[in-house]
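Data first, discussion second: the structure below is written as structure tokens.
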């Protein structure tokens, strides 16, 4: 909550995707369908892992936690977006905006760490299969999951707190469908390049380090897979890692455009499309990617829906 004495803004206006009423209904219908599919797909993965004892392995436990994360990742933005499609005012309270801002970046950061942990799990399973059971124990899995959540929610807490303390005197219109750092900083009455620089530095550091770790892990995995004499063994290894690499490519490809590479030349509409891709489109594709490329998951999901 902003406690500055000169702040007069009590709510923000999220313009979202402007257009006539019929177009807003179309946007609402499409996003609602995507949201329902995201919840259904990720909940199905969680239930399949929970109820199929054959999936009680570290890889699927990480996947279930990842699906749980995706549900909350879309929920922190999509419901408010749906309300705004049908609203004439399209407002969000000051505190609501910064709560959304905090959860959006914290959950996104947690996703980066989960993708790293999943890459580490595949590296151990393929490059050190004999030591895998002794290293990736249930206790160690719980520690890794806890660290992902803890570091994800602590990573941006201090910069976001200081941004919330900046004075906002008006205007209060954000040309976006969510509360993001650049639109909020542009509305502040007091210029604060240090806070903005710290925020972008933290974001860039997390993204670059995690993506380098993932790429390094899969380089070692690829080298180990190519040494496997049997084609069936190579195919199985590629199958288990392929879905993870597709998810990594979709997620990191878009967030690096937004928060690492210079985006000043991109239009506001392009920023919205890029953000929509990694915050709404990617979470709905993840269950599809994992279920289609994994035989055990397909079988477990079939049993879950049929039985």
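The backbone N, Cα and C atoms fix where each Cβ goes, and this holds for glycine too.
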Stated TrEMBL location of transmembrane segment, expressed as one of 101-120, 181-200: 101-120
Interface check, the transmembrane segment (273-292) with the transmembrane segment (140-162), three or more C-beta pairs under 8 A: no
Dominant neighbour of the transmembrane segment (101-120) in 25-48, 60-81, 140-162, 205-226, by Cβ pairs under 8 Å: 140-162
Close approaches to the transmembrane segment (140-162) from elsewhere in its chain (Cβ under 8 angstroms; 6 or more beyond its ends): 58, 61-62, 65, 98, 101-102, 105-107, 109-114, 117, 120, 192, 195, 198-199, 202-203, 206
Confidence summary (mean pLDDT) of the domain 'G-protein coupled receptors family 1 profile' (41-290): 88
